[in-house]
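According to TrEMBL, the features are:
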- B:50-68: transmembrane segment (TRANSMEM)
- B:98-118: transmembrane segment (TRANSMEM)
- B:130-152: transmembrane segment (TRANSMEM)
- B:172-192: transmembrane segment (TRANSMEM)
- B:213-234: transmembrane segment (TRANSMEM)
- B:246-264: transmembrane segment (TRANSMEM)
- B:271-293: transmembrane segment (TRANSMEM)
- B:299-317: transmembrane segment (TRANSMEM)
Amino acid sequence: MQPRLTPGNVPPAGPELVRLEGLRRTYGDTVAVRGADLVLRRGEVHALCGHNGAGKSTVVRMLSGQETPDAGTITIAGEQVRLRNRRSAQAAGVALVDQELSVVPALTVAENLVLGDQAAGWLYRRRQVRSRARKMLDELGLDHIDPYQQLSTLGLGERQLVEIARAFGQHAQVVILDEPTATLSDVESERVYDAVRRVAAAGSAVLFVSHRLGEVLELCDRVTVMRDGAVVADVASADLTVNALIRHMLGEAPTTLDKQPAADGEIALRLIDVAVPHRFESLSLDARAGTVYAFAGQVGSGAADVLRAVAGLEPSLRGRVSLGGRRVSSGSPASAARAGIAFASGDRKSEGLFLSRSVGVNLLATRIPDLATGGLVRRGRWRRTQQQVAAECGIDAPLATRVGDLSGGNQQKVFVGRALGRSDVKVLILDEPTRGVDVGGRANIHQLVRRAAEDGLVVLFASTELDELLDLADVVVTMHKGRVVAQHRGEVSDDTLLYEMTHGTSAMVGGRQ
Amino acid sequence: MRRWHQIHRIFLSRPERLLPTSALGITLLAFIALPSYSDAELTSFDTYNALQVFARLAPLVLGLGLTMLAGEFDLSVVGTYALGGMLAVQYGGTDWKLGIAAALGAGVVIGLTQGTIIARLGVPSMPVTLATYIALLGLTNALSGGLSKSYANPDVTLWLDKPVSEVFSPRSLMTIAAFVVIGSILGFSRWGREVRAIGSDRRASRVSGVQSDRVLIGLFVTSAVLAATSGALLNYSLGAANPDPGVQPLILAAAGALLGGVSLSGGHGSVAGLLAGALTVAFLAQIVTAAQLPTYTAQLFYAGLLALIVVVDAPGLQRAWTRGTIRITSRKVLT
């Protein structure tokens, strides 16, 4: 289907800046994009939506010079261009925030901000770079970050903000933001939206890819929807609702999670005065089997650090973690895993998936001892379990596909699926379980998590998304600057959570335990 | 307090700065204190000798270290060093410039070939450079007929090792100059950041706009040119070319690079650190010679040093250290 471009629904934007016509890209036998058309105008914030594997990221890769199209043309400012690499795309005025975090830990913040910027020249003028970096950081409200700070000392969300600051600082005529807010809290996302609006107001075009449909409709002027490699709609966002957008993306009506009240199970996991210096202060929690606990907080609140500490990833953990009455050796991920704690990190690329191995191998990577007899893996049992786990997790990609070739959302499903349905797991820990996952995949993952709780597991997760906290959790623990603000069981309003997460006080009380 | 925080941030929390500075400082102290624990008397000639060892090894440390900084390994440096030296002796008999040009040309061709295979075809550098090392040793032997060749231009030989200000020689000064030039280029240009960036995260560097293939090829060419020139100058200085220098130069170059703070996983290190690493190895060698320690002592010492560096760099050990410290302090609090 061709994009629905009708004169009546075109919002008032500037002249045409980018035109993609008939773009096509195949990988082996798989057609990732089949004849995609897209028009971006000056001063426009244009969303590109679609479920995982719809072809959005491939379009982004072609427009940013990371892939060359098999067929079709790219025209920027009236000139047909051939974007062979990122450098040529930069020369054509295209800046990018990639779906995967693309800043370098070994460099300082300032060095990252000018890395690869051809306009900066070959000479590295330290003072000039520092003042430019300071300005770039300040424009995104990152005044607490020192430009000479090593990037490795920043958290995931702050690194993402540095990458966004870099893209905006290049003063490009086209800025592509592929899932820029996936690792950010609502407050930080707002800062990004402000910056996006400023960049568009200055005459650039912004292509915004996101699975957060609310932010898409709030921020963007137009929405192009892709499904199965083709553009299926191009609509002014004023004419859309979230449900209508989901129908365009999935081709059907959205499903909602049927959340049952948590069973009052036994206390299984106890955190007694646990703390990690400089990350979070002393915290205690008695977690019951069959209950989903959410740790809610902005980036840097310590919410994700609590999960990492319980999973044995913080060697400087103080206090005591016990599971089923037995102490779990702290600071050792192997001991935590042996005790029955499964952890899915928020950084699936460097702390989770084996990107060069197949979907099947990744799904079973943590179950090998169960599938082997006398050290030998039983092939029949291996194949059956692979198929069973893939079906349970709603993974429709062929099991032999390299995980690195999957879309970000499908990678996340594989990552979460690896921790599910295992008899040895008693506690399931998920850091940002639906980061970069489309609305359909998100519902799948939420159902899997609820089912895990119904099967008697303790589930702990951290999320910066209010909708996810409210939809999925039985108990929400809000955190601010490393300190627990409040603990809520049952109904709680999003206003209350947001207030506690941003102010660090529980002035607005709602459903406190 | 603020000053301590600054020292911690720019020095103590950065092993790539702390390691080379500490290693060189301790080695120089041991060198100065040599007469106090051995019968040796310290003279300016000992420093001159140490700097001659430095001139021999440092270009290899620099070449290998630069490729390690970018997350690769150039194991072919010793093969290129042998071939460059042999070509220089063979073609530089009447005019030393011809010999140097032949060595430089060989370095450029070797570096370009290796760099292109590794960067463009994505073949890991370890097998490529190991194969090149073996092939170059074979080629050098074929050129010389398996025998050492003498260099009959005593003017060049004498000039290269002539003492300058008692402790330097033109050769050691040229080596220091190479560090200054390459250090300045990487320190004051964007290429220095790009080399570390591709060593730390190549995909992110590419997405940022770094032309990682070109940077990698440039590094392999630089490494090969340094090795070939160093081999040429050494053989001019010795007045002879040996077709097989053995593996010791490679081992010492790796030790120098690691002592220079270059991380095994790439991304961390600097040219200044590599200079400190090369000086450390050179002065350690002179301590062993001056104190008349048996050769095996030096070998065991280097092996121990390498093991120590690798262990200190191991993340598992750092985790265990932190855990152990917390357990001990927790017990103290409880009692």
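Yeah, the Cβs are placed from backbone N, Cα and C, and that goes for glycine too.
Not measured: the values here are computed from a predicted model.
Listed by sequence, the residues of this chain that lie at least six past the ends of the transmembrane segment (B:271-293) yet keep a Cβ under 8 A from its Cβ atoms are 16-17, 19-21, 23-24, 27-28, 30-31, 34, 37-40, 42, 46-47, 49-51, 53-54, 57-58, 61-62, 65-66, 176, 179, 182-183, 186-187, 252, 255-262, 301-302.
Here the transmembrane segment (B:213-234) has Cβ contacts under 8 Å with residues 55-56, 58-60, 62-64, 66-67, 70, 72, 74, 76-78, 80-88, 92, 99-100, 103-104, 106-108, 110-112, 114-116, 118-120, 160, 171, 174-175, 178, 182, 191, 194-195, 198 of the same chain, all six or more residues outside its ends. For the transmembrane segment (B:172-192), the residues of the chain that approach it from at least six positions outside its boundaries are 51-52, 54-55, 58-59, 62, 66, 164, 215, 218, 222, 226, 230, 233, 270-272, 274-275, judged by C-beta separation under 8 angstroms. Listed by sequence, the residues of this chain that lie at least six past the ends of the transmembrane segment (B:130-152) yet keep a Cβ under 8 A from its Cβ atoms are 75-76, 78-80, 82-83, 86-90, 92-93, 110, 113-114, 235-236, 238-244.
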